[in-house]
Amino acid sequence: MPGNRTRKSWQPRITAATAATAATAMLVSCSLLAGCSGSDGASGAGGKVVLRYTWWGNPDRAARTQEAVDLFEKKHPEIEVQTSFSGYDAYKQKLATQAAGGDAPDAMQLDYRMIDQYASGGVLLDFAEQPSALDTGEFDAGLLATGKVDGKQYAIPQARGTETVVYDTAQWKKSGVALPREGWTWSEWADAVRELAKRTGRPGATDPGQSEDAFEVWLRGRGKSLYTEDRRLGFTVDDLTRWWTFADKLRREGAVSPAEQTTQLDGTVENTPLGRGKAISDSNWDAPSSGFVALVPGGVTLAPMPSGEDTPGQYFKPSMFMGVAADTGHPKESVRLVDFMLNDPDAARILGATRGIPVNESLRAAIAPGLKDFDKTVFDYQASLEGDLDAPPQAPPSGDSALQTTFARDYDQVSYERMSPREAAEDYVTEAKAELRS
Amino acid sequence: MTTTTTEQTATASAARTAPAKRPGGRRREGAAWVFLSPWVLGAAVLTLLPMAVSLYLSFTDYDLFNPPRWVGLRNYTQMFTEDPRYWRSVGATLTYVVIAVPLQLALALVVALGLKSMRRGRGFYRSAFYAPSLLGASMSIALVWRALFNDGGTVDNLFGTGGWVNRPGWALLAVALLTVWQFGAPMVIFLAGLQQIPTELYEAASVDGASRWRQFLSITVPMLSPVIFFNLVLQTIQAFQVFTPAFAVSGGKGGPADSTLFYTLYLYDRGFVASHMGYASAMAWVLLIVIGAVTAVLFRTSRTWVFYASEGDR
């Protein structure tokens, strides 16, 4: 029976292959398990306390952060800090997985939209438990409150940013349209983008309809907010319909970018109509707008967001936070690290504006003279708004990060003329209610 | 040889009737389990357990942070009755399967036929056509595709098409083309199948005066039908699970206007962006059942059009 022989000859090979696969699988699961038990790695080399500190950012931020951490280790010889970083999207997913597995790093950088979810999931330490290790005396009370959930301080704001109308300086000036001024209203903004489109042949701005951030500024300008204090929706279908009708009309007139351009927005400045040379202005956060400098030949200028009839709408938003894991083995040392990163003058000088303009008020003044280039532009822009803006809202509720995507998607249906503004608004509000209920 | 076989059969039947009497039987069984253990462990820990957990999660509300909350069939009812975006994802996926799979198989067959009749350089062309299948699943090619079909991209500049990936009516086609382009794997299988068809059949047919087209319809297609069927089943299953191209081409959003919101993309969105793991699990189970059903239907219809050479023996 020849078949018999054949079978014998391939059997061992299959087994070997399976064994290899299984071994690989076991290695993978082992490393996962090792990762999982990492949080108990309380004290490591030479009896030192070992802390894990993770954050998102770029190589420049990495170099400066490492320098600051080295200084911290020098001042606290009993503590060793292991840092790791990645891009925002990867960071967000990795942190979520770690937190879900009970393995959150001792100290971590957090986004506004993460706080509520992590705090309510029991991942974050209440800073009130370690009052002696952290000094918050130099923080603006309104900004500090953004790190609170249910009255407990789960996160400390590290830097602040604010929305801006960023425009192609040369093109706007050449068009002869009056330059944006502080306190301009949304209808003045609309007139300006219409006029810009007429005179330059290019849309005056990115279609703001897809941006939840722009909508929030507009909404606050009308005395409302995205969310109420008890984490429900702070606006109605009518409000959203009005906003989308406003944007949709401008788009139909060609005053703002067409759907084909708007749909390519992905959070990078390279894919904005302004960055692609297809519009005169964009609305964006101030610090990331530095990317336009390399893309827009005539340079860019930062102008305030349009305001409502009697209130500005715009606000200083904490651009990132620091938090400590609730189940860290070393709460005191972890909080001390947070305190160092946010309050130490030497650390501040090293870090500069790499995470935005510091929230600590005396440090902000201390680093100001040393700022260069776009850091200085952002600093001056923020200084020009100082005292004019309302307090920021509390941290958005857990469902918000999904809703931000939904917002852009629903507006896609409007800008491709597949839904009316009202239909899309109803869609959004239905989804938002479901999202916030769960 | 014969004696060995008889001996084996005898031992086997003895083992079957009276296992206890056989010396070392238990030990051998134990050895088998030892050797099997890596696989069994792998299957249990990495496949069966996650599947069981996923089935359980599909009846819960689970956001990764708080413990799963039992909600019964709510995920399923919500999916079918309250979620317009779910149905848009179903529509996009079905449209994609119906466009991409036949186009890809047709192209694979045509190229395989061309290669078969080629005398020289077959090896080179076979590799050249196969290469995209190796590269195609990668993120980088999908990004190149996006750049090609973007507005101001190469295709737009050459043919003035406008940006396909930015137009709801066309984006899906751009993604389908990316799949069609990766026709290498089915092509290689077609080529192997074509080479199995006895040349006498064609010689006899041409003696009888049958045209090339007639020969294709009456000899090639029936003789190749098992291979066609195999490719059809495989590519259909793959098409239902398409993810990477749509993810890259639409920047993870399934846009424009949800036109490339494929099922798996929406599943990913629900699970990892919106943190509704329960809902995503429910979606995964529905997909599993649908793929199973579609495959079953394909197998059932295959009885009417797939011919096996050994059929005469039955």
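Each residue, glycine too, has its Cβ placed from N, Cα and C.
Look at TrEMBL and you will find B:1-20 tagged as compositional bias 'Low complexity'.
Per TrEMBL, the feature domain 'ABC transmembrane type-1' maps to B:90-298.
For B:1-25, the entry in TrEMBL reads region 'Disordered'.
The feature transmembrane segment is assigned by TrEMBL to B:31-59 (among others). Remote same-chain partners of the transmembrane segment (B:31-59), defined as residues 6 or more beyond its termini with a Cβ less than 8 Å from a stretch Cβ, comprise 68, 70-73, 75-76, 277-278, 281-282, 284-285.
The transmembrane segment feature in TrEMBL is assigned to B:94-115 (among others).
Counting only same-chain residues 6+ beyond the ends of the transmembrane segment (B:127-149), those with a CB under 8 A from a CB of the stretch are 111, 115, 155-156, 161, 163-165, 174-175, 178-179, 181-185, 187-188, 244-245, 247-249. The feature transmembrane segment is assigned by TrEMBL to B:127-149 (among others).
The feature transmembrane segment is assigned by TrEMBL to B:169-194 (among others).
TrEMBL lists B:215-234 (among others) with the feature transmembrane segment. Here the transmembrane segment (B:215-234) has long-range neighbours at 101, 105, 108-109, 113, 186, 189-190, 192-194, 196-197, 201-202, 205-206, 295, 298-299, 302, 305-309, meaning same-chain residues at least 6 beyond its ends whose C-beta is under 8 angstroms from one of its own.
The transmembrane segment annotation in TrEMBL covers B:277-299 (among others). Beyond the ends of the transmembrane segment (B:277-299), by six or more residues, the same chain brings 54-55, 57-64, 68, 71, 75-76, 78-79, 86, 229, 232-233, 236-237, 240-241, 263-264, 266-268, 270-271 to within a C-beta distance below 8 angstroms of the stretch.
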